[in-house]
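TrEMBL annotations:
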- K66, K90, S345: substrate binding site (BINDING)
- K102: active site, proton donor (ACT_SITE)
- D142: site 'Important for catalysis' (SITE)
- T186, N217: NAD(+) binding site (BINDING)
Amino acid sequence: MSVFQNAMRQLDAAALVAKPDPSVLEALRHPKRIFEVSFQVRMDDGSVRTFTGYRVQYDDSRGPFKGGVRFHQQTDLDEVKALSFWMAIKCAVVGVPYGGGKGGVTVDPKKLSPAELERLSRAYFRAIAPFVGEDVDVPAPDVNTTPQIMAWFADEYARYAGRQVPGVVTGKPLAVGGSKGRMSATGQGGLFVLDEHLKKEGADPSSVTIAVQGFGNAGQHFARLAHERGYRIVAVSDSRGATANPAGFDPQALIEHKSRTGAVAGFAGGQDADPALILETDCRVIVPAALENQLAAENASRVRAKIVLELANGPTVPEADVVFAERGVVVLPDVLSNAGGVAVSYFEWVQNRLGYYWGYDEVRQKLEMLMKQAYVDVRGEADANSVTLRQAAFALAVRRIAEARLAKGWQ
């Protein structure tokens with residue numbers, strides 16, 4: 001089953017709780033706009049290659065389309081459609097005034113030189129420039145895209161528009177209008193959700209063991225911040241390997257090791273492990289922070305953790321959700337747990353529009369308030385309807401989207 005089909009199954013489950021008008025449900029089954037672009041990039045050897053890129057604008061009932069751009073060899077239209085739908089849900093869950101969008105290029109950026117990566121980034125954004133804008137569609141980083149790439153995007157849009165428009169993309173470097181706290185926002189937001197969930201159990205962070213799948217931006221910042229908070233990080237994997245230590249280790253040392261070597265394997269503070277088994281680690285919390293479809297019916301029954309904190313988009317397929325519900329495993333869903341990124345993107349966009357910038361402490365405080373309130377809202381919806389947190393989050397979002405459509409008189 002495709003990623004988008006899984007997303008639609010989640011929508012169906014939410015509809016049983018939210019009971020929206022059929023017209024709203026029908027609208028949410030279809031992206032509003034789909035753009036597929038082909039563009040050429042001159043490679044370092046003088047040859048010219050053609051690449052395919054996408055931008056899906058799913059729903060703008062609650063505000064401009066919003067969502068990241070990923071560069072990955074497996075990116076296709078089906079994936080981008082699903083991700084743009086999840087963005088619409090995510091923005092509604094945390095209450096930021098955006099709809100959902102997503103973009104991507106089918107490419108393995110690790111095979112490009114720095115100069116080729118810049119030319120590809122600029123060419124992609126030139127191709128989609130007529131369809132985006134700070135009041136229309138606001139891209140951001142995602143898998144394999146960085147603040148530097150966002151700076152290239154913003155520069156290309158300025159050339160297209162003939163003026164500086166810093167709010168056209170978020171996740172930019174501080175030097176060109178980025179926000180303090182944006183780099184760590186996804187991991188920090190996920191940690192706030194975990195804190196709020198464990199608070200009712202009275203759990204001491206030092207007694208909570210965590211395994212993290214994926215050691216990119218979200219995984220690194222989450223692991224570092226969780227360790228500082230007192231949680232015990234016992235296993236981490238990336239695309240090349242894994243490392244584990246039941247006693248726990250300092251993620252900052254692992255970050256430095258990966259920066260030097262390009263992988264988590266070989267870390268002196270742990271023992272090399274099988275990355276395919278990272279989600280089956282004997283621990284309290286697993287954190288899928290890589291790609292979608294990592295937890296399926298086949299391995300969900302082998303998960304030993306009691307909590308799944310989803311920092312990746314769509315890491316759990318519907319069949320695994322059923323297994324987890326039967327086993328009493330709590331899933332803190334992606335549309336809540338990883339919404340810290342879009343929350344601080346919203347803060348960045350507001351600062352760009354105001355031309356006035358906040359300090360790190362102010363950004364962190366605003367993020368904490370927003371994420372903890374979102375958890376309380378979702379928890380309340382789940383308790384009131386005796387459903388999972390995922391069903392509750394989707395139902396809450398669908399209801400908020402429906403309210404916006406009704407207020408505008410949309411069918």
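Quick reminder: no glycine exception, Cβ is built from N, Cα and C everywhere.
Sequence features, as recorded in TrEMBL, placed on the structure.
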residue: K66; record: substrate binding site; Cβ contacts under 8 Å, 6 or more apart: M87, C91, V96, Y98, G99, G100, G101, D137, V138, A140, V342, S345, Y346
residue: K90; record: substrate binding site; Cβ contacts under 8 Å, 6 or more apart: G100, D334, V335, L336, N338, A339, V342, A397
residue: K102; record: active site, proton donor; Cβ contacts under 8 Å, 6 or more apart: Y54, R55, V56, Y58, G67, G68, V69, R70, V80, K81, L83, S84, M87, D142
residue: T186; record: NAD(+) binding site; Cβ contacts under 8 Å, 6 or more apart: N217, A218, H221, F222, L311, N338, G340, G341
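Listed in chain order, the residues near the substrate site other than K66, K90, S345 are G67, M87, C91, V96, Y98, G100, A140, A339, G341, V342, A343, Y346, each with its Cβ within 8 Å of the site Cβ centroid. For the binding-site residues N217, S345, the greatest number of Cβ atoms within 10 Å around a candidate Cβ is found at S345.
A coil conformation is recorded for D142 (site 'Important for catalysis') in the three-state DSSP classification, outside any helix or strand. Its own atom aside, the Cβ of D142 (site 'Important for catalysis') has 21 Cβ atoms within 10 angstroms in the protein chains shown.
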